[in-house]
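Reviewing the structure listed below.
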Amino acid sequence: MGEDAAQAEKFQHPGSDMRQEKPSSPSPMPSSTPSPSLNLGNTEEAIRDNSQVNAVTVLTLLDKLVNMLDAVQENQHKMEQRQISLEGSVKGIQNDLTKLSKYQASTSNTVSKLLEKSRKVSAHTRAVKERMDRQCAQVKRLENNHAQLLRRNHFKVLIFQEENEIPASVFVKQPVSGAVEGKEELPDENKSLEETLHTVDLSSDDDLPHDEEALEDSAEEKVEESRAEKIKRSSLKKVDSLKKAFSRQNIEKKMNKLGTKIVSVERREKIKKSLTSNHQKISSGKSSPFKVSPLTFGRKKVREGESHAENETKSEDLPSSEQMPNDQEEESFAEGHSEASLASALVEGEIAEEAAEKATSRGSNSGMDSNIDLTIVEDEEEESVALEQAQKVRYEGSYALTSEEAERSDGDPVQPAVLQVHQTS
């Protein structure tokens, strides 16, 4: 571009020189006419001058365009830089807006929570206000009552709690007379309560300024007297109920009930029948003073219901046939045994019961023969063994007699011997 500008300047300078030279040339000959050769040269020079002028103008225009394009490019670069800076600022603004939106969401959540809490607090405050209003009303009522009491300035509070008594119906059913007595005693208690309540004076100090102390003393004395009377009555009732519960008649009734539960009426009748029949048979078949229980090793099975009854029958038959003159010695021997000997005697009685069933099933003659055969004594050692067994059998008989007497006494509740029998057993 710089070279083009220099060439354009060169072309401009010779043209100006030629123009300066042209007017100087025709000045010497103004009156002469130009020749045709001169005219041709002038036209060519004019064409050349015009072409040079056009080239210079084009070059100048091109230079201007180049300068304008350079300026435009520079402006575009500046605009691009500005656009980049604007984009960065816009991105920052967008980030700030997103942050603001997040903060706005969090603030909206917190505000909603605060609103809920405020609603709850308002509800609680309303409830508290209602409670406070109620309490205020109650306090006002209490204040009014207190003011009334202060105006009266003379009041008493009586606290009474009746003691829990032992009901006699737990032990024994009381007759109608006991209920009548209780009805008669209740109005007395009510009367005493009414008397104590009437003694309380609720008058004011203005009405009775001088007689207050005397009235208080009399009321306290009456209250103490009524309490002492009630305590005495309750203690007497308890003692009476205990006496009635543990009276002789009640104990006998209970013992009779236990006897009926243990041994039924049917079993008693069976025992009596078996006692009468077996007693006659064994008394007729008595052979020697040394009696041994017959057939002690029996294997016959017996029903459970009749085992106890037959045990008593057998133990009753054997000593009845062998009543010895030394009854006092037998009683002392029976009382000297312990509870362990009682258990062994019961076991032997069961064995004897089984043997008795076998003996009764057989004929009376065969029973007598077997008893005679078993009671034959050959040596002195056998005699000593027989004596020991006879003593055991006698003890069993005494125990069976006591049990039979107890059962008979159960049938007759009036007899007082029931307690003595149980004590000895």
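Cβ atoms here come from the backbone N, Cα and C positions, even for glycine.
It should be emphasised that the depicted structure is a prediction, and the values quoted were computed from it without experimental measurement.
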From Ser89, Ser118, Ser218, Ser247, the annotation phosphoserine in Swiss-Prot is attached to Ser218
What Swiss-Prot calls phosphoserine, among Ser85, Ser122, Ser235, Ser287, is Ser287
Of Ser203, Ser234, Ser264, the residue that Swiss-Prot annotates as phosphoserine is Ser203
Of Ser25, Ser293, the residue that Swiss-Prot annotates as phosphoserine is Ser293
Checking Thr199, Thr276, Thr313 against Swiss-Prot, the one recorded as phosphothreonine is Thr199
